[in-house]
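Listed in TrEMBL for this protein:
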TRANSMEM  20-41  transmembrane segment
TRANSMEM  371-390  transmembrane segment
TRANSMEM  418-438  transmembrane segment
TRANSMEM  458-476  transmembrane segment
TRANSMEM  496-525  transmembrane segment
TRANSMEM  537-558  transmembrane segment
TRANSMEM  591-612  transmembrane segment
């Protein structure tokens, strides 16, 4: 405190930070990248452990032995699904009733803002079927959910069969202290969203659905099953939910503990854990796993049905069966016993999962990176913006030295007019509003005048508005007065730097991965841009580091990490698909990535674009 309260010391510190501003910023940027990549090195991470006492031991005896029955039910379900041309509602209702469950259905419908060409749907109608196993030893105030989506074709039939077999087995046990809901939802996330909104009496996405006739207690946890083969070689744990939310780490630890107990191969991001962390190959494997999690979390979409539960503070995860070319095989009985053990452990909970971490990264299932370890990497990037803002603030308050009749005098710089700064800020944000609203609303007009589909019209309109924003400097300069031009761009940049620092900071608190990726690409160019730099070269650098190109880079990196590399043409088509899916996810489920980029990040980037072409 004495350093800051003493005027002389404060002046010396400010002078030092101003004089060494650029070297400090470069060191901070390099340190941030090195820090982040070092998080995958095992000695720098923490070993996972069970924080919840009720789940601290896997000492339960799993007795499920109806694996063959589950596969038989899966074949029967598949036959009725083909016969019905979709969800076999009547067969599911009878099957659940035969197992002693209270069975209910829910119909729903949702009109998409534009056709989803990935799944070839526009007007979606479906039915959810769920059965409730009432707890015989408790007042029925709490519940667990086991769900299996009804997917088209031959997908996920085994999951539905296993769900029904588990319901039959659980019905004969007397130790349940929580209601157990067995849910089969149609149309994947749309059906799950309808059921959750109906269960919690909310409607935040404009979904049309019938009210639920049967309810259980407050849902404590949920497991989503995705099995599409009679033989499974490994189980992949999917944690990433809507807007980058993650379940409590104890839920992941519970699955990993039972996989170890039963000898089941368990993966995360589709990658098996390696023990040779002290080799280059081991570190590379851990780094790829961690970066994959960062990319999936940053996109803000739900990577399974579990992701929508997290919005309601329900800890959930998806368990995905993988059938690869590994020699190790496991049957449905083993998977059933694993789910039985997990359900029994969750049944023992006296309160919601809360003692372990909610913010973490996983380089492997046995190691994790907590928020206290990965946040400094973002902090180093944010410091760069604050240091550049401090440098501008000092220069704005420093009088300019002028020589009059051989005598040097300090001339107080003139202050820029309000319109000088306000005009580009307002116009940039109006462009962001147009980018957010117009693509969907102008699709009909675009289809009438151009030979494109509705989805292509939405995506191409968004790209057109994004590109039109590059003309903003030539338009805003006509509205600006010529007074205080030099001071004007400095004030605008000071405002933009602080604005970007706040935006990225708030984003990183909610979704670290998204905030970090945006900071890595935006901070270097925004911190260094001035009107006195070479226009052509800097304009190219700004475009290549813009939000749209950041998404494009992430698409190619993701494809490389999952070992499915794509060509430039294929990558461009995936990029267009990501844009359309982002708009759909925002409309259907409330994903915040698209409005964040359109209404805030892109306008902020346009403010720096104006600074480059400042006259």
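The backbone N, Cα and C atoms fix where each Cβ goes, and this holds for glycine too.
What you see is a predicted model, and the numbers here were worked out from it, not measured in a lab.
Taking Cβ pairs closer than 8 Å, the transmembrane segment (591-612) reaches residues 242-243, 298-302, 424-425, 428-429, 431-433, 435-436, 466, 469-470, 472-473, 476, 489, 492-493, 495-496, 499-500, 503, 507, 510, 514, 518, 522, 525-526, 529-531, 533, 535, 538-539, 542, 546-547, 582-583, 585 in its own chain, all 6 or more past its ends. Tertiary proximity for the transmembrane segment (496-525) is limited to same-chain residues at least six positions away from its ends with a CB under 8 Å from its CB atoms, namely 29, 32-33, 36, 243-244, 293-295, 297-298, 300, 359, 371, 374-375, 377-378, 381-382, 384-386, 388-389, 392, 538, 541-542, 545, 547, 549-550, 553-554, 592-593, 596, 600-601, 604-605, 607-608, 611. Within its own chain, the transmembrane segment (537-558) has Cβ neighbours under 8 Å at 291-292, 295-296, 298-299, 463, 466, 470, 517-518, 521-522, 524-525, 529, 566, 571-572, 574-575, 578-579, 597, 601-602, 605, 608-609, 612, counting only residues six or more beyond its boundaries.
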